[in-house]
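Participant: Let me give you the structure first, and then I'll get to my questions.
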């Protein structure tokens, strides 16, 4: 078990012992509770001929005339509103709960005894005269006053309840979207998907709204002054996020029922501050389950919808930002409330207040260190801080509401976290902890091969696993890698590692110290992610480069073995690489394609072909040309050397012309699926060019599958 799981388990243990019995969230705006509390408040303010030695006392619970007056107030209010005796009897239970801390005498009272008290009080009931003091008899309150108290409490309680309802709707919004995505995902495995893609309206929607990036960036980050960096959603993700933001804004700003007479609160300002504080606080906590679910590896919505983990991380970020905004509004509004109510001096010393301040500070720190610049350059530090601060934030939030309400949102988030960790442990244990062979290839690549477990275990093309290298210096780290089935030895997995910062650099140093070839014990957890369903398309174009080769190569091998029988007209794999070291790492898999029904084109971007005057004049025979940004691209006439040693591959120098490749594929008869995984700029280029092709050929079934993942 990784150190993060251990830390979180300790946190859960602390939470379980934090308080003996956390306060449950109840629906407050129910008639029995509402009318009982309204009448209780009325008669708490009356001066009775009542004294008590106990500091905790209430005349409506302990002094019979006050108790009779409250019962009659409840009866009259319910009678005016047309409620039956059944509702009246529910108020008896509410009275018992309210008075449990003040009087034991009421706890064993039967409904008949409550009616006897009510009838006895009714016979002696006297209209209340304002200013009366030391009352020894039951009194009847003015109807307008009763209605005013009822309305005031109704607005206050409704605001608390509706916050939870709105939070539930936000959760349901994302679940509904993922359910709809799941329906579309299931259609990928039926002929209906290609029929749907041929509809012109669908093509226009996809070409303008769902496929393209916002601007020209999604996988690649935007940057201002090298400090303000980040990642933009796709247009579809942007639409979903916009819908969420609209919902959230409406839920935060709409539906308040203010009391014009300010019966409960001292002024309109105090009332508004309290209502906004309560609403924003409840909405903040409603984000807990989704934030934990979307960050988890075993997200059931990912399995249902087929939506990539990258998209869920995008939603996770926006949910986190809005949760922090809600918390800021909650803290500011509640501070304003206590200042205006002149209770700040005492409130700030309360435990819930102090933990609320701590939670807000922790949330702000988490948001700050989640900026893309920290994730990009200091990922391990970011991950460590995110987990530690997240655990502390959970604890602070628990303590903040443990005696109030809202704990159920934390319960749900903890349950999601526990299920995720249990599944992760099961997956890692199922694979076992085998020894893997590691071989250094070139300067920065490592080919890792490991035996599969004896029991059934299968990873589809494009799926990935999380690997922990069980070395004393970095066993606690877990990193994702796309996996391939070995073509040279049955029952083996292949993972290609490229040296970067962090654990891959340490692993490379370890391999180098052992002569470039060694073994190491691993923990493998997976597989995760979904495989792009390309089998139902007549033509498949696989575009890849950089470290994104495993998925498309695995697709090519699988399609090459089945394409003839499945009626595939064309399977084309286009690989862009900087030098041939990466080809050496994948040589067994690429050599396997020689005898398969796959067109393999490899572009060496380190070699730039030379232009001749005749090339530039004759467009039909030119070897390469510059795209709109001046990037040199190559065509089939300018060849590079063939390091693989077989004739089933066409080598080019320069960069692939994405637009041209897509147009060529789109001209083929039948449906087309485009699969892309590679460097961020390359992925964004393919996505946007595919969107243009979909618009140009809106009556043709063209689908785009992106296997690029951002962690």
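Glycine is treated like the rest: Cβ placed from N, Cα and C.
Relevant sequence annotations retrieved from Swiss-Prot are reproduced here:
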{"type": "BINDING", "residues": "316, 386", "note": "heme 1 binding site"}
{"type": "BINDING", "residues": "479, 480, 481, 482, 483, 484, 485", "note": "FAD binding site"}
{"type": "BINDING", "residues": "526, 527, 528, 529, 677, 678", "note": "NADP(+) binding site"}
{"type": "DOMAIN", "residues": "280-414", "note": "domain 'Ferric oxidoreductase'"}
{"type": "DOMAIN", "residues": "415-534", "note": "domain 'FAD-binding FR-type'"}
{"type": "CARBOHYD", "residues": "85", "note": "N-linked glycosylation site"}
{"type": "CARBOHYD", "residues": "108", "note": "N-linked glycosylation site"}
{"type": "CARBOHYD", "residues": "120", "note": "N-linked glycosylation site"}
{"type": "CARBOHYD", "residues": "134", "note": "N-linked glycosylation site"}
{"type": "CARBOHYD", "residues": "341", "note": "N-linked glycosylation site"}
{"type": "SIGNAL", "residues": "1-23", "note": "signal peptide"}
{"type": "TOPO_DOM", "residues": "24-164", "note": "topological domain 'Extracellular'"}
{"type": "TOPO_DOM", "residues": "186-235", "note": "topological domain 'Cytoplasmic'"}
{"type": "TOPO_DOM", "residues": "257-280", "note": "topological domain 'Extracellular'"}
{"type": "TOPO_DOM", "residues": "302-317", "note": "topological domain 'Cytoplasmic'"}
{"type": "TOPO_DOM", "residues": "341-353", "note": "topological domain 'Extracellular'"}
{"type": "TOPO_DOM", "residues": "424-711", "note": "topological domain 'Cytoplasmic'"}
Participant: Taking the Cβ of residue 485 (FAD binding site) as the centre, how many other Cβ atoms fall within a 10 Å radius?
Facilitator: 19
Participant: How many Å separate the Cα atoms of residue 677 (NADP(+) binding site) and residue 482 (FAD binding site)?
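Facilitator: Between the alpha carbons of residue 677 (NADP(+) binding site) and residue 482 (FAD binding site) there are 11 Å.
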Participant: Restricting to the same chain and to sequence separations of six or more, state which residues have a Cβ under 8 Å from that of residue 341 (N-linked glycosylation site).
Facilitator: 265, 266, 270
Participant: What is the interatomic distance between the Cα atoms of residue 480 (FAD binding site) and residue 134 (N-linked glycosylation site), given in whole Å?
Facilitator: 75
Participant: By a simple count of other Cβ atoms within 10 Å, which of 480, 526, 529, 678, the binding-site residues in the record, is least packed?
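Facilitator: Taking 480, 526, 529, 678 as the binding-site residues, the minimal 10 Å Cβ count falls on 480.
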Participant: Taking every protein chain in this structure into account, which of the recorded positions 120, 134, 482 has the most other Cβ atoms within 10 Å of its Cβ?
Facilitator: 482
Participant: Determine the most Cβ-crowded residue among the glycosylation sites 85, 108, using a 10 Å radius around each Cβ and all protein chains in the structure.
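Facilitator: When each Cβ's neighbours within 10 Å are tallied, 85 leads.
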Participant: Taking the Cβ of residue 484 (FAD binding site) as the reference point, list residues of the same chain whose Cβ is under 8 angstroms away and which are at least six residues distant in sequence.
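Facilitator: The list for residue 484 (FAD binding site) reads 493, 494, 495, 496, 550, 553, 554, 589, given in order along the sequence.
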Participant: So of all those recorded positions, 85, 481, 483, 529, which one's Cα sits nearest to residue 316 (heme 1 binding site)?
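Facilitator: Minimum Cα distance from residue 316 (heme 1 binding site) across 85, 481, 483, 529 lands on 529.
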